[in-house]
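**Q** Encoded as structure tokens, here's the structure I'll be asking about.
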Amino acid sequence: MKTEENIAPFHPGRYNTLPMDEQEQLFHKALEARQKAYTPYSGFKVGAALLLDNPRDIITGCNVENASYGATVCAERNALFTAIARYGTISVARIMVVTDASPPAVPCALCLQVIQEFCPPSTPIHLASLQGIERTLTLGELLPHPFSSFS
Ligand SMILES: O=c1ccn([C@H]2C[C@H](O)[C@@H](CO)O2)c(=O)[nH]1
Ligand SMILES: [Zn+2]
């Protein structure tokens with residue numbers, strides 16, 4: 001698998017490093033989740049894996065489409081809602097998103113908006129193809145100006 005170190009857009013030292021075996025585990029969990037995606041309409045399968053702190057756990061999600069297209073749920077939101085349903089309060093250390101696209105797909109703005117409800121802007125989001133991580137950006141880089149009804 002590709003490691004962050006050999007990917008140009010990733011600058012080593014920008015993020016707390018994750019031991020390679022944990023990074024690989026997160027990637028494989030996201031890949032596994034992706035295989036369960038229900039995508040009869042787009043055929044575009046997405047897997048997401050959240051690495052949680054306290055307790056340390058990995059929660060995954062896949063996209064689930066619907067004949068009423070707007071009822072589709074993305075993999076990232078599915079994973080996040082699953083984590084909240086399980087634990088209530090969560091602390092997300094990082095997020096892995098896997099698709100078969102290279103260059104890698106970026107989470108949609110709806111997902112980013114939902115992620116920012118529960119995660120700080122410093123949260124690393126790994127964007128992976130089937131070969132491994134291709135890019136890592138923070139939530140704040142991907143969504144610098146989230147909607148807030150209080151701003
Ligand atoms: O952030 C995103 C964007 C899209 N999709 C899914 C929804 C749909 O099933 C397919 C095509 O848009 O990709 C995700 O899972 N995550
Ligand atoms: Zn989305």
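Placement of Cβ uses the backbone N, Cα and C atoms for every residue, glycine included.
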**Q** Same Zn(2+) site as Cys108, Cys111 according to TrEMBL: which of Cys74, Cys119?
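**A** Record check against TrEMBL: Zn(2+) site with Cys108, Cys111, extra candidate from Cys74, Cys119 is Cys74.
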**Q** State which of the following binding-site residues has the fewest other Cβ atoms within 10 Å around its Cβ: Asn63, Ser68.
**A** Ser68
**Q** Cβ within 8 angstroms of the Cβ centroid of Asn63, Val64, Glu65, Asn66, Ala67, Ser68, Tyr69: which residues besides those meet this for the substrate site?
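**A** Sorted by sequence, the hits are Tyr38, Tyr41, Gly70, Ala71, Thr72, Val73.
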**Q** Measure from each Cβ of the binding-site residues Glu65, Asn66, Ala67, Ser68 to the atoms of ligand 2 and list the residues where some distance is under 6 Å.
**A** none
**Q** Taking Cα atoms as reference points, which of the recorded positions Cys74, Glu76, Cys108, Cys111 is nearest to Ala67 (substrate binding site)?
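**A** So, of the listed recorded positions, the one sitting closest to Ala67 (substrate binding site) is Cys74.
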**Q** Return the member of Asn63, Val64, Glu65, Asn66, Ser68 nearest to Cys74 (Zn(2+) binding site) in space, with distance defined Cα to Cα and candidates limited to these binding-site residues.
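**A** Nearest in space to Cys74 (Zn(2+) binding site), counting only the binding-site residues, is Asn63.
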**Q** Among all the protein chains here, how many other CB atoms are within 10 A of the CB of Ala67 (substrate binding site)?
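**A** Its Cβ has 8 other Cβ atoms within 10 Å.
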